[in-house]
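Comments concern the structure below.
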Amino acid sequence: MPSMGFCILCVHGLSRLSSRVGPRGSSALTFCFLLLLVLFSCKSVSQSECWRSREALFRSGVQTLPHNAKVHYNYANFLKDQNRKEEAINHYKIVLRLYPKHSSALNNLGTLTSNVTAAEEYYRKALDISPQHSRALFNLGNLLRTQGRNEEAEVSLKESLLHGPYFADAYSSLGSLLADQKRHEEAKEVYLAGIKNCPESSDLQNNYGVFLVDIGSPQKAVSHYLLALRLRPNHHVAMLNLGRLYRSLNQNSEAGKWYKKVPLEVSHSPSHNS
């Protein structure tokens, strides 16, 4: 409606001007108006190219506002999702140059950094700026776990859940950490709390199924694998886990049914977790 109103005003204005300047002036005025219309039409066509894809839109924002940290951050996130790591790292660093206290950029930069020491430094800097950043706490906890620093990892993962109680991956990581330490009752409580708070998480259902198999409750695991598949019908890891479980229970026909649904690359994967 605002665009229609603007068009009506332009035509009305042109009509009023034409009635005052005479025939010759009216022709010149009409020519100028049409020229302006053509120029703006060309501008609209060229600008519409920016909307052809997400990348074009983000790149246009970076070109138009090179000193805006937010547009660089959005573009970096897009590049990260496309697995274009080096480009994403470059734009995250630009974000931090423009706005050094951008905790999410620090956290995301840590996830892309192959150097473990540097990654930990990025996570801790993010947490110095934003102590309740649940993603940074989660990533730091997982990093500490890979280094065998289990006590620190546990603290970090629990803090992540304290500030992000609907973060399914954190429940899976903490539950797995506790299970590795044979603290099965605590792990079970964590998984069940996660399922309660994140009932739509297929990965959490699958990972709880893995835990149940490990502690000797295969029949209970079946129901959670099936629930994971109900939530996400193409959950290939859950299919593989279900096939392996049925095979261990000597239900070969059921096992074969699920194995046939699993892509070849997934079936050769050594990990059962999501």
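Backbone N, Cα and C atoms are what each Cβ position is placed from, and that goes for glycine too.
DSSP labels the residues of the repeat 'TPR' (69-102) in these numbers: 27 helix, 0 strand, 7 coil. The repeat 'TPR' annotation in TrEMBL covers 69-102 (among others).
TrEMBL lists 168-201 (among others) with the feature repeat 'TPR'. A Cβ distance under 8 Å defines the sequence-distant neighbours of the repeat 'TPR' (168-201), meaning residues of its chain 6+ beyond its ends; these are 134, 137-138, 141-142, 145, 150, 153-154, 157-158, 160-161, 207-208, 211, 214-215, 231, 273-274.
Sequence-distant contacts of the repeat 'TPR' (202-235) (same chain, six or more residues past either end, CB-CB distance under 8 Å): 168-169, 171-172, 175-176, 179, 184, 187-188, 191-192, 194-195, 241-242, 245-246, 248-249, 272-274. Residues annotated as repeat 'TPR' in TrEMBL: 202-235 (among others).
As annotated by TrEMBL, signal peptide applies to 1-48.
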- Query: Can you tell me how the residues of the repeat 'TPR' (168-201) break down into helix, strand and coil by DSSP?
  - Reply: 27 helix, 0 strand, 7 coil
- Mean of pLDDT values spanning the repeat 'TPR' (168-201): 97
- Within the repeat 'TPR' (202-235), residues counted as helix, strand or coil by DSSP: 27 helix, 0 strand, 7 coil
